[in-house]
Amino acid sequence: MNPEQFQTALAEKGIELSDTQLKQFHDYFEMLVEWNEKMNLTAITDEKEVYLKHFYDSISAAFYVDFTKFDTICDVGAGAGFPSLPIKICFPHLEVSIVDSLKKRMTFLDALAEKLGLTDVHFYHDRAETFGQNKAHREKYDLVTARAVARMSVLSELCMPLVKKGGSFLVMKAAQAEQELQTAEKAIKLFGGKVEEHFAFSLPVEESERNIYVITKTKETPNKYPRKPGTPNKLPIE
């Protein structure tokens, strides 16, 4: 998917990109490839692949969920900024917070935000487990996103505490998502969530499977969650 095809594909879904936004995506791609030579940000560096598997894939959530109704987003384990920064470029009104445990990624994201002229973006170098116990962030976000960083039961413990009551947790997964959901149902319920919607679709060009789950926060997460760093991964609630 080259930049022109990317622009057309988004327009077909109702997302019209301005010249400024197209330039932001171009600069994002160039910077990602340039910095990737110094640090491991992504295995995907071919332009067509980046536009499809990073940019388009990140924005695909907006084909099913109305991002104009959210003000604050927290992205857990965003790595090189996916999915939240491509979404931010398309929906500039959003205030985006990214949490990642690797300091070097924060350095990249800081430089990227400056280069792209992004405002209302905040980067936190922290473990999700610690961040979720921080009163300044706990139950403060309209929407929390995670893109395939861990199993759904683990993600629920890391992300649900950050979602405000009435807000949403958006999980983006590739294949075998239904199986993961079944093992995560207990955790989702325990942390105050309810699976509201599931969207299954294929990524264009390569036709690979994608799944998006929207989990609504119906009640507060018990105070003891998330547990201390490393525990959710070692002893997932299933």
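Every residue gets a Cβ built from N, Cα and C, even glycine.
Matching R147, R151 to the S-adenosyl-L-methionine binding residues that Swiss-Prot gives (G77, F82, A128, E129) identifies R147. Across the annotated binding residues for S-adenosyl-L-methionine (G77, F82, A128, E129, R147), the two most widely spaced Cα atoms sit 20 Å apart. The Cβ neighbour count for G77 (S-adenosyl-L-methionine binding site), using a 10 Å radius over every protein chain in view, is 22.
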